[in-house]
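Take a look at the structure below.
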C-alpha cells in the first residue's frame with residue numbers, strides 16, 4: 001500500500017496520483033483492481049448511494065459503516081475518509097474524539113476535512129495526534145449553502161488570493177495532501193507549484209498532481225446528470241436496465257429458471273417424503 005511518502009515522491013517525479021471514490025465492498029474491490037493510488041470514501045455517499053439531498057445529513061456512523069466495507073474490498077489501497085458535517089467544528093476535544101472513533105472503527109488511513117478558516121487548528125490537532133489529514137478547498141459541499149450553490153470558486157482576485165493563502169495554511173498546519181474542487185485550472189497550477197504537498201483536483205484542470213472523480217460518475221451508474229468536469233468511461237446504467245428488464249420478462253414468461261439453474265434429488269428420495277407416492 002502506498003503511503004504519504006509515496007505520494008510526495010509521485011509529486012516530485014511528476015507522476016499523476018489517481019484517486020477515486022468508493023462507498024462499498026464491490027466498488028472498492030474494482031478500484032483496487034484498477035490500481036488507483038487512493039480511495040476516497042466521501043460524504044458524497046449521502047447523495048450518491050443513500051438518496052439524500054446533500055452531504056449535510058451524513059453522519060459519523062454512515063462514514064464508519066461505508067469505510068469498513070471499502071476497507072474489506074481494498075485492503076492494499078490508501079483510504080481517505082471524510083469527516084462529516086459539523087463533526088470537527090464544536091471544539092478541538094470533540095474533533096479529536098470524533099476523528100479517533102472514525103480511524104479506530106473504520107480502518108481509514110487518513111481523514112479529509114473541508115474548509116479553511118476555523119479548520120486549521122483542527123488540522124494541527126489531528127496531525128499532532130498522529131492522524132493524517134487531507135484538506136479540501138474550493139467548492140466545499142458541506143458549506144454549499146454559504147457559498148451560494150455549486151459554483152466555481154476563485155474566479156476573482158480576492159477569492160483566488162484567499163484560496164492561495166488557505167492552501168499554504170493547510171500545508172503549514174500539517175495536511176498531507178490538498179483536494180481542490182471547482183477551481184480555475186490556472187489557479188490550480190499556481191497553488192500546485194507553490195505547495196510541497198500533493199494537490200488533487202476535481203473540476204480543477206489538468207495541472208494538479210492528481211485527479212479524483214466519483215466512481216458512479218466515471219462508470220455511468222445511477223447518475224441522471226454529470227458536471228462539466230466529469231468524463232464518463234462507461235454507461236453501466238444501460239447494461240443494468242437491459243439485464244433487469246430481461247430478467248423480469250423471463251420470470252413472467254416462465255422461461256427462468258431453466259433446468260440448468262435447478263437442483264434435483266433422486267426420485268426415490270422424493271417418493272419417501274411425507275406426501276409422497278404410496279406403494
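Heads up, the Cβ atoms here are built off N, Cα and C, so glycines get one too.
Matching 24, 76, 82 to the 3-methyl-2-oxobutanoate binding residues that Swiss-Prot gives (43, 44, 112) identifies 82.
Reported as a whole number, the C-alpha separation between residue 44 (3-methyl-2-oxobutanoate binding site) and residue 114 (Mg(2+) binding site) equals 13 Å. Around the Cβ of residue 43 (3-methyl-2-oxobutanoate binding site), 28 further Cβ atoms fall within 10 Å across all displayed protein chains.
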